[in-house]
Amino acid sequence: MKWNTILTDKIRGLEHCVKIFNELFSLFPVLLVVGTLLLTLPGSAGDQSSACVLEDQSPGGVQQDGDLILGIVFTLFKSRTDGMKIKFTQKPSPRKCSNPTLTYYQHYLAAIFAIEEINQNANILPNLTLGYRIYDSCTSERRATANILSILTGRTSSVPNYSCNNKGILAAFVGHLLSTLTYVVSNIIQIYRFPQISYGAQDPALDDRQQFPSLYRTITNNKYHFISISQMLKMFGWTWVGIICSDNESDGNKISFEITKSGGCVAFVALFTTDNLWTISSAVDQIRRSSANVIIVSSDSHMLLHILLTLNDELKKYLIFPSSLENMSNFVFSSINGSLIISGHQGAIPGFEEFFYTAHPSKFLNDDITETLWYIFFDCLKYEYNSSGIYIPACSTKDSLRVINTSYYVMKNMHITYNIYIAVYAMAHVLHKMFYGEPHAKQPLHSSFHLNLFKLNHHLKRVHFQTTSGEEIFFNELGGIQGNLDIENWISYPNETTAIRKVGTFNSSAPSGKQLLINKEDIIWGTPLNHMPQSVCNSICQQGYRKAEKKGQQVCCYECVQCSDGEISNATDMENCIKCPEDEWSNEDRNECIKKTIVFLSYDEPLGFSLAILAILLSITTSLVLGIFIKNRQSQVVKNNNLELSYSLLLTLILSFLCTLLFIGRPMKVTCLLRQVTFAIIFTISISSVLGKTVTVLIAFNAVTPGSMLKIWVGKRVPRCLVLLLSLGEVMICIVWFLHCPPFPDYDARSQKSVMTLKCNEGSAVAFYISVGYIGMLASVSFFTAYLARRLPDRYNEASHITFSMLVFCCVWIAFIPTYLSSKGKYMVAVEIFAILSSSSGLLGCIFLPKCYIILLKPERNIRMKGF
């Protein structure tokens, strides 16, 4: 039984092997093709000489061992291709490094200086040493990639995804100056979650925290440079500017956007590249032809040199640079004399200037970079070399950076150097926070040091520390620092000396309107007589004028239009004129509001004087008529026309003529109160007297009819009561008027533009029109009753005279209404006076002059009436 079981198992095993063999046999054609392809690859079949290996692109860097290592990628040399274009049909030749500069060497020394300061500071990473691996990318993406792989490997010969770091823990990376190389560094080290701080990359795309979650920058974002430029242009009144950019259309568009948003205009945007002479000629031509005197240059010093050489000393424009220039030649510096530069904030680095000037190959061990630079600058080596007829002396202490002419510029243009300094310190503070917990702590949190890169990035987001000079450093939500910028004035003196003067600052966190601060008095403009240049599309609009848009032109190109009457502009280039207050008016130049002339109908002017004389003459005439009636009171003409009502009517006519004097002269509270009420009551009594005379005639002639009931109303009682009751109605209206809203002196500044009329405000227009309407109603009734009495015997009847007088009265006041409403200012008062005089004269002339004519010129008719 046992053997049967074993045999059965063996048979099953053989069946399984046969099955596997059949499957492998079915894959044989595929394996044959793959094997054939592998044999065709270089290095196959054991040929190691042609093997495909990773080519070493990174020369030996400078390193210092430590417990924690910072990988640093700089630009110390520039790469060049010797004019050869890369073709993808063959392997490109490696780029050569050349043109070392003191500026880039200063960046290198700043990192070493910061690390040495940190290692000597007992309050930062005590009992831990900070080391570094520094490599030169030579402005080449290929070199930068090789640098990163070498740092990650821990050896000069890089091996991807393999670390030989046995002399410290690699903690983080610092670099790069250029945005393109920052991309390269970030794309590799983010695979391993290493944090990175760039000291010069300004591409806004790097703000993307999803793509670059562990990338930070100690350089101010470019957008703050552009915002500061727009505010500067507005401060100096430069509304018409040009822009030239070296092969960077994006910067030109962003600068244009900020300028336009702040109210400025861009005359042109010129793009140029050094490998295209036509673009340089085109840019130069636009500079020459444009009326813009201020040009914004977004370019490095190398590209700018081509523009200046093409202009051939014809640059008559003022230049503004949105970022600082590196590696300036004396020719470029003198060509842009007086220009303003928006540079990154340059904080103090105590002790660094002495550290920089005392740099020497003998000071730094195993520092090939310093020795190479000394060989280029001073033609010497760290140790004397004498072999095969070649002699190179050893560097002496006299071979110092102080003797190089550009040292002033280098030490005064240190904003990038400062960025490197604070980048190293930021990493040190983050590592201290991670391992020690609190600032100035001496004891680590754990007995063993383990670097958690995820936590390191977490702490880097929240780092907040002070530099040795007391400046606070922290990162915002986009991984950048706050927008602090320096405004520098670059000056070239006739004795070929240069200077960089800080004349202002920009702080993005300051309140609006206080972000940009510039001391204009400190600026040397580099123009004749040191006058600030002007850059506008057209001449400014002087005071008294406003800007008016020109069709088809930008808003900065406008024409000047004089302000309208009643408006002023008290500053130049005003968008809109300012309307004067109601009691003021613009002067002839339209640049100042002056008090309006106060006018009223006065006795000093011909109109007021004439009306006053006319009122007095008419009152005297009426008084004479009254005297004639008193003297001839026994005559039939006087007696038959109701003597008492005639006296009443003549007295009210005298008062109505004289009441117009209240309308002339400066309106006061008393005169305003008396003016309308006096006129209303006097006129009511006058019309009531006229109505009483008509009613008396009607009653008298109708009472003679046999059996008439009107006999009881004959006499003086009816007209007296009628006049009293009708006058009482007007008095009641005036009392209600005064209690509700009495008249008062007021200024009318709207009716006439250049003057202000002092007038009596009726207080209540409704009450005024009710009062006048009441008089009009009485006049209408008087006219109607007089019209009914017109057919009575002429000898005893004055109804026809009353009818005509009421007709004149009504015509005058009907014409008064539209004339009064269409008049303005003091002429409204004159119209009312004329209406009062005219209507009163109508009553006097139509009713009393015919009687005076009979009394004085036709006494025989008066005698015959006596015989009647």
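Backbone N, Cα and C define each Cβ position, glycine as well.
Lifted from TrEMBL, the feature list:
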- 607-868: domain 'G-protein coupled receptors family 3 profile' (DOMAIN)
- 20-41: transmembrane segment (TRANSMEM)
- 607-630: transmembrane segment (TRANSMEM)
- 642-665: transmembrane segment (TRANSMEM)
- 677-701: transmembrane segment (TRANSMEM)
- 722-740: transmembrane segment (TRANSMEM)
- 766-789: transmembrane segment (TRANSMEM)
- 801-821: transmembrane segment (TRANSMEM)
- 833-856: transmembrane segment (TRANSMEM)
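Nonlocal intrachain contacts for the transmembrane segment (677-701), taken as residues 6+ away from its ends with a CB within less than 8 angstroms of a stretch CB, comprise 641-642, 645-646, 648-649, 652-653, 655-656, 659, 662, 710, 713-714, 718-720, 722-723, 726-727, 729-731, 733-734, 737-738, 771-772, 774-775, 778-779, 781-782, 785-786, 788-789, 792-793, 796-799, 802, 805-806, 809, 836, 839-840, 843, 847.
Between the transmembrane segment (642-665) and the transmembrane segment (766-789) there are fewer than 3 Cβ pairs closer than 8 Å, counting only pairs 6 or more residues apart in sequence, which means the two stretches are not in contact. Across 722-740, 766-789, 801-821, stretch 801-821 shows the highest tally of CB pairs under 8 A with the transmembrane segment (833-856). Long-range Cβ contacts of the transmembrane segment (722-740) within its own chain (Cβ-Cβ under 8 Å, at least 6 residues beyond either end) map to 645, 648, 673, 677, 680-681, 684-685, 687-689, 691-692, 695, 763-764, 767-768, 770-771, 774-775, 778. Confidence across the domain 'G-protein coupled receptors family 3 profile' (607-868), taken as the mean pLDDT and rounded to a whole number, stands at 82.
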